[in-house]
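A quick write-up on the structure given underneath.
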Amino acid sequence: MVLTAGDKANVKTVWSKVGSHLEEYGSETLERLFVVYPSTKTYFPHFDLHHDSPQVRAHGKKVLSALGEAVNHIDDIPGALSKLSDLHAQNLRVDPVNFKLLNLCFVVVSGTHHPTILTPEVHVSLDKFLSAVATALTSKYR
């Protein structure tokens with residue numbers, strides 16, 4: 001899916017609200033992922049997965065920082081996430097479906113904190129953007 005100028009503007013509007021809460025929203029996104037989709041916990045056997053765990057908070061911040069890179073390079077998401085794609089495909093071997101699950105959780109967290117900006121149109125734009133991110137992250141899988 002191609003992101004239109006309107007989609008890009010909508011994504012940047014969401015990010016203007018989310019970008020200053022990377023650790024908080026990132027950890028909430030991961031906590032939701034682990035509760036709603038418990039099979040995703042298998043990738044984090046060395047983490048304390050309890051609420052407000054420092055490991056989950058740090059990784060949540062890392063995840064949303066990567067999303068921020070995609071927002072900052074919205075015209076070249078594959079290029080911005082190339083190294084991360086290599087890491088997930090070759091070293092971590094994360095099942096690609098998990099990126100979609102994470103995206104769903106991120107939309108819920110974003111909408112919970114900022115319900116007025118997550119209009120249906122913005123939701124569509126965010127879904128398209130997150131789909132492009134997931135596609136970029138899975139581009140190195142064989």
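Note: Cβ is positioned from N, Cα and C throughout, glycine not excepted.
According to Swiss-Prot, the feature domain 'Globin' maps to 2-142. Under the heading O2 binding site, Swiss-Prot lists His59, citing sequence analysis as support. The heme b binding site feature in Swiss-Prot is assigned to His88.
Around the Cβ of the residue listed as 'O2 binding site', the number of neighbouring Cβ atoms within 10 Å comes to 17. When DSSP labels each residue, the domain 'Globin' (2-142) comes out as 104 helix, 0 strand, 37 coil, counted as helix, strand and coil in that order. Along the domain 'Globin' (2-142), the predicted structure has mean pLDDT 92.
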